[in-house]
Amino acid sequence: MIGALARKLFGSANDRRVKGYQTRVAAINALEPEVAALSDEALRARTAEFRAELAAGKTLDDLLVPAFATVREAAKRTLGQRHFDVQLIGGMVLHEGDIAEMKTGEGKTLVATLAVYLNALAGKGVHVVTVNDYLAKRDSGWMGQIYGFLGMTTGVIVHGLDDAQRQAAYACDITYGTNNEYGFDYLRDNMKYRLEDMVQRGHNFAIVDEVDSILIDEARTPLIISGPLDDRSDFYNTIDTFIPRLDKSDYDVDEKQRTVTLTEAGMEKIETLLRDAGQLRGESLYDVENVSVVHHVNQALRAHALFQRDKDYIVRNDEVVIIDEFTGRMMQGRRYSEGLHQALEAKEHVTVQPENQTLASITFQNYFRMYDKLAGMTGTASTEADEFFDIYKLEVVEIPTNLPIARLDEDDEVYRTQQEKYAAILAEVERANKRMQPVLVGTASIEKSEVLAEYLKKNGYKQIDFTDPKGMDKLYAAARAGKPAKLFAVLNARFHEQEAYIVAEAGVPGAITIATNMAGRGTDIKLGGSLEMRIQQEAAHITDEAERAAKITEIKADIERFRDIVLKAEDEIEIEPAKGNKPAKTAKRPGGLYIIGSERHESRRIDNQLRGRSGRQGDPGRSKFFLSLEDDLMRIFGSDKLDTMLTRLGLKEGEAIIHPWINKALEKAQQKVEARNFDIRKNLLKFDDVQNDQRKVIFDQRIELMKEDSVAETVTDMRHTYIEDLVAKYVPEHAYAEQWDVAGLKAEVERVVGLDIPVDEWAKEEGIADEELITRLERVFDEHMAAKVGQWGSDVMRYAEKSILLQTLDHLWREHLVMLDHLRQVIGLRGYGQRDPLQEYKSEAFNLFQEMSSHLREAVTAQLMRVEIIPPDQPQELPPMEVHKMDPDTGQDEMALANVTLAPAQTTDKADRDPNKPETWGKVGRNEDCPCGSGKKYKHCHGRYA
């Protein structure tokens with residue numbers, strides 16, 4: 001109460017911050033006449049003037065007022081749009097590295113140009129991040145007119161570009177692109193072997209559009225570049241046949257936690273099935289040797305019990321394609337990891353693709369935290385303000401709307417069953433359609449959108465494609481005649497290519513649009529329809545200028561007439577029935593776009609995004625949610641109590657309960673889910689930070705190595721450290737000479753580097769110490785390497801050293817990632833032993849990293865000591881074996897040796913191999929037993945150094 005009173009007297013922190021910008025807004029407005037008087041050339045010249053002032057010592061903050069005034073004038077001259085005062089405030093928030101929360105239709109795209117231009121003056125590059133390729137191309141072309149007018153270059157990063165095109169785009173002053181493309185380019189850059197092949201040029205400043213969608217909704221989804229492992233499709237198909245043979249009592253499903261576990265009875269049944277199929281080793285499913293089998297069984301269970309077709313994924317062209325739960329879009333090319341995607345493929349009887357090994361990965365949380373300055377824009381961020389500040393140190397600033405919001409948000413209607421709910425939605429859609437009010441029905445999944453579509457079809461409605469001119473002509477003709485055409489369109493992941501057109505036309509009189517979650521759609525719904533879309537469809541093909549101008553005038557008049565129809569499509573509802581002579585009391589509901597929500601989402605933000613599609617820029621509109629006790633959120637969070645209450649109230653079939661209390665109860669349930677999801681994301685980030693710290697060390701190390709003309713000093717240091725570790729292993733510190741394992745040391749040296757060094761003779765010398773052994777070994781190793789340099793030349797050896805070092809580092813890093821993944825899966829069990837899983841993970845991950853570093857020194861030393869290089873002009877008995885690293889974008893061989901070829905592998909008969917002389921082994925298959933007699937596979941023994 002006291003807090004509310006204080007806010008009334010002094011305003012909220014947000015109000016005070018917004019008020020603090022007014023001085024600079026006034027200064028920008030005061031400059032407007034002066035800037036407007038400049039010629040185009042003089043206005044363009046201001047960019048060079050600003051850059052000169054920066055070079056002379058001024059800061060970007062010093063230039064904010066004149067730079068913003070310049071952009072505002074350039075926008076007026078190129079786009080015919082002038083930044084409102086509130087948009088100037090939004091630009092200041094972005095420049096300060098925070099989140100500008102701006103309602104739908106307030107011009108976020110235009111706002112970004114202010115901060116983008118100002119920060120691009122520094123010449124370090126500015127990245128504007130969008131959620132899809134369409135928006136990246138649209139915004140770069142649209143806003144690029146402003147930047148181009150002011151003498152700045154604009155690039156765009158979309159799927160399908162080669163490295164040269166990407167380099168050119170990143171070299172521009174301003175680069176537009178999707179979050180996925182930026183992240184994958186970063187990962188690919190850190191798999192390159194030459195600095196000149198890298199495409200990004202640092203992470204200076206990024207503005208993220210739909211920041212909540214990217215940094216919250218997708219925060220738990222890592223970007224992964226992977227390579228195929230051995231084919232195990234038969235095993236997945238075998239395991240999949242067992243799951244339908246289980247009863248529901250054989251496993252427990254926790255929908256809140258998204259987990260499924262076998263009961264005792266289920267475990268016994270699975271063990272019997274596995275044993276009969278010859279897939280179980282030992283007696284128990286949980287024996288150590290069955291760890292992989294347990295993993296596959298768990299993933300198959302999850303695929304059947306937790307994942308639903310047409311909700312979590314769709315099946316198309318013999319593929320399982322993931323559906324983004326927040327946007328309803330197909331995530332083409334994305335695959336679930338850890339074998340889950342293969343389990344889904346087996347479940348749906350499509351081709352099971354090989355499992356992949358992670359080659360490189362990063363989460364959006366860690367990628368975007370690399371930027372020196374990060375900012376974001378969205379229509380809905382305040383509900384997640386704590387998370388934005390906690391994880392990204394971004395404050396959310398609510399920007400006032402240019403005009404007051406005139407949308408009416410009504411209380412939810414709650415029904416007993418989904419069938420009753422759908423019937424009520426259908427009735428509401430019919431009422432709105434009769435008065436020509438456009439309706440947008442939001443659904444939580446593709447499945448639900450298609451259920452609603454079937455309801456409409458059964459009641460005489462016809463589905464059309466809003467991108468089809470014939471279908472739209474019918475809708476326009478009906479709108480002109482003022483008669484409902486009973487036509488509807490469906491927007492979901494199946495038709496995502498057309499989503500911008502479908503959304504843009506959702507404001508036409510009588511239009512009915514069914515859409516999955518509207519998060520991140522990025523396209524305004526204008527009352528009466530979209531002028532740009534109609535010109536593109538109806539006038540773009542007209543070549544005659546006069547004819548084209550006439551057509552555009554006709555379209556404009558059409559849209560104005562349609563807008564007027566929509567604004568007048570008010571609804572009069574009875575709020576009190578007639579009593580005696582007293583007439584019924586009625587109330588008017590506004591026209592405009594009518595938003596109908598068919599289900600509450602787990603996140604209030606997604607619901608707010610749906611509501612926010614209506615009421616743009618002061619337009620009237622209304623929104624209402626229709627719910628049932630069978631909806632996921634209601635079912636999982638307390639529908640039993642509500643059901644009992646509705647029964648006591650005597651609620652009949654088809655009747656709904658409408659009360660603000662219901663809305664508050666649902667909001668509390670949503671807050672609980674949001675808090676739980678935040679905790680999950682926060683906890684996952686703590687674990688991912690461990691891997692991220694190691695990733696930064698490896699990636700920074702790679703870049704430093706690529707910068708060096710020669711890594712000779714680095715490999716020499718590695719060689720010497722390896723020798724120190726080797727001697728310490730066989731010659732314990734402060735031990736007597738009699739306790740030294742000289743034979744072991746000699747054998748290890750011979751095994752790893754192939755040199756017969758008289759270590760045993762040295763050890764017999766009087767008074768020799770371990771330091772002397774180290775010195776002598778270093779001298780022998782160094783002389784051996786010097787001989788190779790003398791034989792093949794310094795340039796050739798320097799190239800070989802760098803190639804081998806980078807390749808080996810990459811190989812071991814990939815193996816390390818697999819180890820970290822496995823560790824992360826099981827580390828939670830340490831909690832049962834009263835130990836903190838996070839601290840245990842940090843400790844174990846550090847030990848693994850140290851181990852990897854040790855293996856790197858050993859492997860690089862071994863390979864360089866053994867490498868034989870053959871100049872191309874020397875005759876060869878066998879075809880050469882070359883080292884290749886194919887770039888995934890261009891297909892270029894990044895590891896092509898310009899004038900050098902590694903020596904061919906010789907094939908030797910197994911009978912002629914001497915276990916103690918690796919030089920007699922020739923080529924050994926990776927899965928053969930190692931010729932040394934260890935009993936291990938070659939790839940796990942000497943093959944590690946091959």
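Each Cβ is built from the backbone N, Cα and C atoms, and glycine gets one as well.
For the ATP site, Swiss-Prot gives Gln87, Gly105, Glu106, Gly107, Lys108, Thr109; the one candidate out of Asp473, Asp524, Asp544 that the record lists there too is Asp524. In space, Thr109 is the closest of the binding-site residues Glu106, Gly107, Thr109, Asp524 to Cys932 (Zn(2+) binding site), judged by Cα positions. Our reading of the ATP binding annotation (Gln87, Gly105, Glu106, Gly107, Lys108, Thr109, Asp524) yields a largest Cα to Cα distance of 17 angstrom. In sequence order, Met102, Thr104, Leu110, Val111 are the same-chain residues whose CB sits within 8 A of the CB centroid of Gln87, Gly105, Glu106, Gly107, Lys108, Thr109, Asp524, the residues recorded for ATP being left out. Sorted by the number of other CB atoms within 10 A, the binding-site residues Glu106, Asp524 start with Asp524, the lowest.
Cys930 (Zn(2+) binding site) has its Cα within 10 Å of the Cα of none of the binding-site residues Gln87, Gly105, Glu106, Gly107, Lys108. The binding-site residues listed here are Gln87, Thr109; among them, Gln87 has the most other Cβ atoms within 10 Å of its own Cβ.
Counting only same-chain residues six or more apart in sequence, the Cβ atoms lying under 8 angstroms from the Cβ of Lys108 (ATP binding site) belong to Gly90, Ala100, Met102, Asp209, Met377, Thr378, Gly379.
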